[in-house]
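Okay, so here's the structure we're looking at.
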Amino acid sequence: MPLLRKTILLLFIVSVFSHKSFYRTLNDGNKIPSIAMGTFSLKNPKQSVLMAVKAGFRHIDTAKFYRNEYQVGQAIHELIETGVVTRDELFITGKLENEEHDRKQVKPGLEGTLKRLGLKYIDLYLIHSPMATGVNQNYPNLGLLSYCLEHNIQVMAYAPFGFMVPRFVSYRPIRPKIDDPYLTKLGEKYGKDTTQIVLRYLIDRNTIPIPRSDNHTHITSNIDVFDFSLTQNEILNINEFNIDTKVYVLGALKDHRYYSFNTC
Ligand SMILES: NC(=O)c1ccc[n+]([C@@H]2O[C@H](COP(=O)([O-])OP(=O)(O)OC[C@H]3O[C@@H](n4cnc5c(N)ncnc54)[C@H](OP(=O)(O)O)[C@@H]3O)[C@@H](O)[C@H]2O)c1
């Protein structure tokens, strides 16, 4: 068995059973929900965030770049005002805009985000693009995840469905698709569909997937992944879909000094 695969297996054995819960603990002791609702390119951000939190999501991933902070904030306020959740039950992630990464741009960037969301604070403020990474079955990012796990760094996994779902940039004939026979077999074993198997795979690999959906049935399904776990062998089998191909390749930022899209 190659060394990297062995290392991942060992780390997995140590960690997976401590990550069955809905929350992870960050280095500073704060809790972070282990799945987030993605909001990039949602057709109706306010309605979708309302549906997501009512379905059980507690972590919302937004960004200035998504041009939806105002609508996401409206949903958050409505959820709080109608007693669905309190502010401290929610975990809101925002992002410092691409190309506004200079030190002096950070404070105004955050203040702008808070103003558009109508919030006094957010729970996590990421540097957009250079500090984010795609993780899915086509790009499991094993080396990076192994390092982060070892150093107790949580990784958020965007584009969790890889090429299982249609992509507006390019829809490529890359396996697995939504009707993949192996994922379907696992789905039958656990009483889940293939998208739920993939989300659970990412949670069991200690990442925080960020599924995005405008569809009520999909949103409800995406949060319904906390009553089962995959076996170590099943995780390793899904890793085999790796082809080191990313869903998002941000060519416009390739000269940025922290550009991470060429690394894994
Ligand atoms: N930090 C960064 O730089 C960065 C970069 C990219 C993305 N992100 C974050 O990650 C989030 C997710 O990435 P993403 O938007 O590329 O993609 P994604 O969640 O992998 O895929 C979204 C697509 O999957 C479909 N879908 C969702 N749930 C489904 C289900 N249960 N069954 C079947 N289809 C389903 C959605 O369609 P329906 O609407 O019809 O369900 C949509 O077409 C983004 O929204 C954003 O918040 C962060």
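Heads up, the Cβ atoms here are built off N, Cα and C, so glycines get one too.
No curator has checked TrEMBL annotations; they are predicted automatically.
On a predicted model such as this, the values are computed, not experimentally measured, just so you know.
For reference, TrEMBL has these:
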ACT_SITE  Tyr66  active site, proton donor
BINDING   His128  substrate binding site
DOMAIN    46-131  domain 'NADP-dependent oxidoreductase'
DOMAIN    141-242  domain 'NADP-dependent oxidoreductase'
SIGNAL    1-18  signal peptide
SITE      Lys95  site 'Lowers pKa of active site Tyr'
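DSSP assigns Lys95 (site 'Lowers pKa of active site Tyr') to a strand segment in the three-state reduction. Long-range neighbours of His128 (substrate binding site) (same chain, six or more residues apart, CB within less than 8 Å of its CB): Ala63, Lys64, Phe65, Lys95, Leu96, Glu97, Asn98. Across the domain 'NADP-dependent oxidoreductase' (46-131), DSSP classifies residues as 44 helix, 13 strand, 29 coil. Taking the Cβ of Lys95 (site 'Lowers pKa of active site Tyr') as centre and 10 Å as the limit, one finds 24 other Cβ atoms among all the protein chains shown. DSSP labels the residues of the domain 'NADP-dependent oxidoreductase' (141-242) in these numbers: 46 helix, 8 strand, 48 coil. Looking at the domain 'NADP-dependent oxidoreductase' (46-131) alone, the prediction's average pLDDT is 96. Sequence-distant contacts of Tyr66 (active site, proton donor), defined by Cβ-Cβ distance under 8 angstroms and a gap of at least six in the same chain, are Thr39, Phe40, Ser41, Leu42, Pro45.
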